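J.: My structure is below; once you've seen it, I'll send some questions.
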Amino acid sequence: MMLSAVLRRTAPAPRLFLGLIKSPSLQSRGGAYNRSVITGDRGEPQRLRTAAWVRPGASSVLFPGRGAATGGRRGERTEIPYLTAASSGRGPSPEETLPGQDSWNGVPNKAGLGMWALAMALVVQCYNKNPSNKDAALMEAARANNVQEVRRLLSEGADVNARHKLGWTALMVAAISHNESVVQVLLAAGADPNLGDDFSSVYKTANEQGVHSLEVLVTREDDFNNRLNHRASFKGCTALHYAVLADDYSIVKELLGGGANPLQRNEMGHTPLDYAREGEVMKLLKTSETKYMEKQRKREAEERRRFPLEQRLEQHIIGQESAIATVGAAIRRKENGWYDEEHPLVFLFLGSSGIGKTELAKQTAKYMHKDAKKGFIRLDMSEFQERHEVAKFIGSPPGYIGHEEGGQLTKKLKQCPNAVVLFDEVDKAHPDVLTIMLQLFDEGRLTDGKGKTIDCKDAIFIMTSNVASDEIAQHALQLRQEALEMSRNRIAENLGDVQISDKITISKNFKENMIRPILKAHFRRDEFLGRINEIVYFLPFCHSELIQLVNKELNFWAKRAKQRHNITLLWDREVADVLVDGYNVQYGARSIKHEVERRVVNQLAAAYEQDLLPGGCTLRITVEDSDKQLLKSPELPSPQAEKRPPTLRLEIIDKDSKTHKLDIQAPLHPEKVCYTI
């Protein structure tokens, strides 16, 4: 169990410091050495030596076989000054801890001890606990189990989910403090039991906030709890985690009834069950996990029925209906249990650059995992072109540099065995990497450089490649042109109900006779291609999809202009038709993005630099062409349109709806500059 790693036995040293400062022994006899002091609210008599030093036996962290702060063996008489140990982990001499003290058994110098006590008083003063607002008062009331005060503060508008300056909430305070009545009131007021603590460890939090670690430690123990290990990380712990640490059955039951997720993990990857002791709390958590998983499964199934995966993907990806349908069907089989559990899903995405292959993989990972950072693993296979670079994939063998670090793939698969793994541009990888993939795709497991086996049968592997992209693009354009001509012929025959469709389908004959031989010649092994579940084809964009891409880019820059410069950007409908001409099949959507930057954003930047755009103005992008009808048929431009290419201009719309075009001075082009020697 991990409970011993986060709890301590007795009162920690900071309360001893506070007791020392407040003790009357410092006010009589010049701080005599043999006077007892009262420490905090626990009433533990300690001497001055105990106040300045921490012994492993008196305030030990419950790590099996280790001392409190030294990490030594149990029973060692190692003594470490707490002040220095809390700040840097180094054990100074007694003279460093108590200025003016000549030896451990000697009488301390009054002046030196007074300076040390004054410094500690300043530390405590920095973290005075007087609540300055309702949220801070709510934290205090929750810790003190003052139910009446909690209700009063909530009725006056205190935020029930407000966080302490170090990251925890009032519900977490009540849970760790065994205050069941306060937990009930907070849950009834709408407290979220699934919020995670932002507090990590004392030293990390102190470093992040730029304060002394002792200040953070005093605040953590006074405002939250004094029995938690200050070296452990609590980031992401929920109120249920803390209730389990407190081993409070009634509060655990209240939180579960209030909607707490028993499967939620903290930053260390631990669920509340991992911290439970043997007993009623553990039984309750196991039962709750089973029920919660069943409810979650039904809820996700209902959500998938109402909002299918294909619709979610289409919100982020323009076009590629066939690719989305293929991936969606495979994911649906996996989610509903209609798949081979002994083998992972493997996809190969084929198509030209900038056409949505990587984006589809990202959106699939976002759909499958809440945590997209851990749930999506991307490896650029161009980094594995040499034979010796295979070691980076699974880790170096024993005796070589990097053996302890592990491989890029195996290390991440250990953290998330069911991740979506993207092998980008797999055609550039060395053949030895493909040999490793054979085992990965066939058996769903991988052995790293240390000899450990990672089971990843539940993962989804996606490979992208530009192999045969020219053949796919030419074939798709030919099919689209044939479909367009067929639709026009049927319209010419007075079939008024005919609609022009941009949807085309790659034939099986083309896949088997054209694409597969190219793949076989490149990868040089049939067994590798035979382990791929689906080969997904990405086709060039049609005209309507290009219009969507242009509008998407213009909307992006309109939003940027409004946020950064308070400028409203509008455009005519013909602008999209003009920008579509910049599309290049080889570069996909990137060519549209670059065309918008060249023809629109360049003008905006030049006008802004020349101080032609007043703040809060409204701009409109127009097409400067006397014959706009030339833009109506972008597939078959006339010779006249080629001689007179349309240009884009910016104009300002005044408050009275009058417009005037901006006179933007063309910047100097580098290729037109003549250098003289």
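For all residues, glycine too, the Cβ spot is worked out from N, Cα and C.
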J.: Given the ranges 92-126, 232-266, 582-616, which one is assigned the annotation region 'Autoinhibitory' in Swiss-Prot?
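T.: Among 92-126, 232-266, 582-616, the range Swiss-Prot annotates as region 'Autoinhibitory' is 92-126.
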J.: Given Swiss-Prot annotates His316, Ile318, Ser353, Gly354, Ile355, Gly356, Lys357, Thr358, Glu425, Arg531, Arg590 as ATP-binding, which of Asn466, Asn509, Asn555, Asn566 belongs to that site as well?
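T.: Record check against Swiss-Prot: ATP site with His316, Ile318, Ser353, Gly354, Ile355, Gly356, Lys357, Thr358, Glu425, Arg531, Arg590, extra candidate from Asn466, Asn509, Asn555, Asn566 is Asn466.
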J.: Scan 274-302, 361-389, 390-418, 477-505 against Swiss-Prot and say which stretch is down as region 'Regulatory'.
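T.: Among 274-302, 361-389, 390-418, 477-505, the range Swiss-Prot annotates as region 'Regulatory' is 477-505.
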J.: Taking the Cα atoms as reference points, how far is Lys559 (N6-acetyllysine) from Ser353 (ATP binding site) in Å?
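T.: Just about 26 Å between their Cα atoms.
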J.: Where does the mean pLDDT land for the repeat 'ANK 2' (166-195)?
T.: 93
J.: With an 8 Å cut-off on Cβ-Cβ distance and a minimum sequence separation of at least 6, pull the same-chain contacts of Arg531 (ATP binding site), or say none.
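T.: Counting only residues 6 or more apart in sequence, the Cβ neighbours of Arg531 (ATP binding site) under 8 Å are Val346, Leu438, Phe441, Asp442.
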J.: For each of the recorded positions (His316, Lys357, Lys559), count the other CB atoms lying within 10 A of its CB, then report the residue with the highest count.
T.: Lys357
